[in-house]
């Protein structure tokens with residue numbers, strides 16, 4: 001089984017993140033960049049599937065030069081090879097055009113299943129799997145917390161706000177996963193060493209037959225017109241419980257009309 | 001006046017919020033995507049919140065297959081009626097439908113919008129609520145998903161007419177079969193995303209059994225129960241109640257965080273709450289930096305004592 005995992009490099013969400021002041025794109029230059037957290041669950045799911053089916057795992061990313069670090073990190077977990085779409089014209093692309101680039105890159109790959117995180121930790125839009133499904137005409141099984149493959153039939157337990165759904169489709173399909181699905185493995189030292197020698201193919205827009213004028217900030221279907229830091233949320237009153245902390249809390253809640 | 005579409009998922013608060021928000025943009029039309037009979041069952045509710053027209057895009061296929069047929073039906077209706085804007089609930093399904101429609105119509109899409117002006121300028125809170133951005137759809141009409149708890153629903157009774165819409169679903173949209181839909185019992189507690197008050201427990205609760213102290217306090221306040229990722233990862237509480245970056249985002253009037261340190265992952269899911277109360281043994285816990293009222297103490301003594309006092313006040 002051939003598996004492609006979509007990986008996005010994002011600014012570390014455990015640190016402060018910013019938009020660039022000039023074009024309101026995500027400031028990656030000053031950030032500590034990492035693999036979007038839930039994508040690591042997608043990599044883990046891909047590796048487990050590959051182990052079960054004797055498959056091959058390819059990492060696919062669209063991003064600037066320094067996304068290579070995340071590609072190597074992903075490879076150190078165990079995938080076989082990687083494809084990195086990099087082109088200056090991509091900077092500032094919206095989700096709609098990013099899906100066009102990813103669909104173009106997937107068009108050059110052989111795959112039975114495409115795996116990705118259900119959302120990225122920066123954009124958090126949850127739209128990419130369905131956008132790719134729409135573009136490629138393949139099934140999208142989204143929000144998986146459990147994934148099973150039986151022959152050509154893919155079944156997913158899809159986490160919903162109200163509970164869950166069991167949904168199924170025939171391959172090829174794109175499956176987006178939540179972090180509740182598994183615990184990503186840590187790269188071993190052997191894995192880190194091996195990752196350095198794994199093939200990483202670099203593709204430009206022309207390799208994908210995509211006109212640079214149709215992507216990037218200039219062609220974005222949505223734009224940010226202003227960005228302001230949220231006014232800092234100052235700490236309020238803080239008391240130490242010396243026997244009547246609960247009563248004081250009740251008094252506060254009453255004064256704020258919550259009781 | 002131009003027509004504005006609101007994708008209505010039922011007689012629920014988020015639908016009423018969207019209907020309220022849409023009134024500032026034009027003539028409000030609700031769009032119901034579902035099995036036959038869905039629109040009629042909620043028509044009165046939609047009219048009460050200002051829907052002058054209800055488009056009933058109804059077909060068995062819309063519930064049988066996942067998301068794609070609903071997106072097909074919505075995209076076709078948008079093409080036929082050229083509304084001034086389309087509002088979709090910012091739920092998992094809503095965002096997915098919006099994403100497909102955006103690709104189908106080559107139209108921009110903005111997700112998790114908390115405000116929308118008449119000229120289409122949308123407000124979004126990004127980076128865990130740390131940055132407030134104003135955005136616009138640059139190609140096509142404003143297609144936005146609206147985050148729960150963004151506006152206060154206000155009734156504006158209208159007389160609604162139901163217009164049946166023919167639905168045609170492409171074969172390529174029937175690729176995913178929904179085999180089973182399981183609604184897990186919520187009990188009597190309000191829904192996490194819609195609750196006015198949320199009481200959440202974290203690692204400090206210590207065990208699944210001891211989560212009852214959180215539940216009791218929540219029930220006393222008529223609140224929803226939430227949990228931090230540390231608590232759900234430890235198996236103290238079901239994953240679907242997780243509040244945070246990778247869980248549910250909440251924005252209630254009151255958020256009570258008990259035994260939660262306040263890692264950025266968690267703050268991402270709750271820091272737009274109006275009032276934040278924190279109870280934690282560790283006086284250095286980062287949650288205190290954003291709490292309007294913090295109690296440094298043991299949640300197992302503080303919460304029951306507060307509960308006792310609240311009962312007394314109520315007589």
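Easy rule for this one: first residue shown is 1, then count along the chain.
Any Cβ shown, glycine's included, is placed from N, Cα and C.
Annotated domain 'Electron transfer flavoprotein alpha/beta-subunit N-terminal' per TrEMBL: B:4-185, in sequence order.
For the recorded site, residue B:203 (FAD binding site), the DSSP three-state label reads helix. For residue B:203 (FAD binding site), other Cβ atoms within 10 Å of its Cβ number 17. Taken from TrEMBL, the feature FAD binding site covers B:203, B:228-229, B:242-246, B:259-266, B:280.
Listed in sequence order, B:128, B:264, B:265, B:266, B:268, B:269 are the same-chain residues six or more apart from residue B:245 (FAD binding site) with CB atoms under 8 A from its CB. Chain A has no C-beta under 8 angstroms from the C-beta of any of the binding-site residues B:203, B:260, B:266. The binding-site residues in question are B:260, B:263, and the one with the fewest Cβ neighbours inside 10 Å is B:263. Annotation note: residue B:245 (FAD binding site) sits in a coil segment as assigned by DSSP.
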